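Undergrad: I'd like to ask you about the structure that follows.
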Amino acid sequence: MEGNGERDTMMVEPPDSQEFAELWLRNLIVRDNSLWGKEEEIPDDLQEVPCDVLLSDMLQPQSSSSPPTSTVPVTSDYPGLLNFTLHFQESSGTKSVTCTYSPDLNKLFCQLAKTCPVLMAVSSSPPPGSVLRATAVYKRSEHVAEVVRRCPHHERSNDSSDGPAPPGHLLRVEGNSRAVYQEDGNTQAHSVVVPYEPPQVGSQSTTVLYNYMCNSSCMGGMNRRPILTIITLETQDGHLLGRRTFEVRVCACPGRDRKTEESNFKKQQEPKTSGKTLTKRSMKDPPSHPEASKKSKNSSSDDEIYTLQVRGKERYEFLKKINDGLELSDVVPPADQEKYRQKLLSKTCRKERDGAAGEPKRGKKRLVKEEKCDSD
């Protein structure tokens, strides 16, 4: 019987690999739990984290919460590794245009609630699930912490085009049912998010249609304060892939305002550049010959030809003689001019001497044949 018992114990099947691993891990956990009582009792060689704990941490799902946003938004451009860029459709400079973009000012001029197409391009495809976020912020530093929202008048107006957008949001997306309107929990800034869609066949950019639902001059809203629109390309977890910024003005006549601001911008740039060059020249090498410098400054105006209208032929002949004399003085060298002056002076002096010699010395009038004396 004893032999049979020994045989039975010998015939017990060994546990498979899965059961063996569970027993081994259970043994390790028991040992580790016995050592977690006091930290000073743990030997130095067991201070490291056990492998099963590391494996369990690695197998747990990571949280997909987006990183917290800062109070002051970043408005600088960041193309990123994907070379994220923005483009705008070319528009005519007429006053009747509803949306126009100025490359010199990096500014978009548009009317209230009108379609503003923005073209976005990347050099390579972003990760799946990427989104495009558009946020409006104030441009000046004293207003940057405030939330850009619609004025009370437009916010209370019942508009059928609002759709799912909250009434206080300035930025809207047109023609995209997947647009999501969000409010940041830290800064309360309003933003609208749409999924990134790859360009269609034959196109290199993705187009998003935006609407601005309040004028820049509305009291209680923007109140003539300039705003910026920040468009970011983000992953599904909220990590930044690229950022672009442009200024926006919502007005009644975008074409007129663009032309006015561009002309003012060019006028401001001209005196700055000319002033800089003049100061640099004066500081480096002051002119040794002021007369020569004056001539060089006026050389451009001296070469121009002007037309003067004169009434009356006598005046015309008189002014023509003056002009001819000035033209001759420009052609004749200064040394020859001095010779001609000496000749003219000698002629005038000779005439005066001849006239003085012909007259009587004592002041009596010389008689002519036809004239008679008073006594006669």
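Positions of Cβ are set from backbone N, Cα and C atoms, glycine also.
Feature table excerpt (Swiss-Prot):
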REGION    150-171  region 'Disordered'
REGION    249-256  region 'Interaction with DNA'
REGION    257-306  region 'Disordered'
REGION    303-334  region 'Oligomerization'
REGION    342-376  region 'Disordered'
REGION    347-372  region 'Basic (repression of DNA-binding)'
MOTIF     280-297  motif 'Bipartite nuclear localization signal'
MOTIF     317-328  motif 'Nuclear export signal'
Undergrad: Based on DSSP, tally up the residues of the region 'Interaction with DNA' (249-256) by helix, strand and coil.
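TA: Residue counts for the region 'Interaction with DNA' (249-256) by secondary structure: 3 helix, 2 strand, 3 coil.
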Undergrad: Sort the residues of the motif 'Nuclear export signal' (317-328) into helix, strand and coil with DSSP and give the three counts.
TA: 12 helix, 0 strand, 0 coil
Undergrad: Could you tell me the mean pLDDT over the region 'Interaction with DNA' (249-256), as a whole number?
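TA: When the pLDDT values over the region 'Interaction with DNA' (249-256) are averaged, the result is 95.
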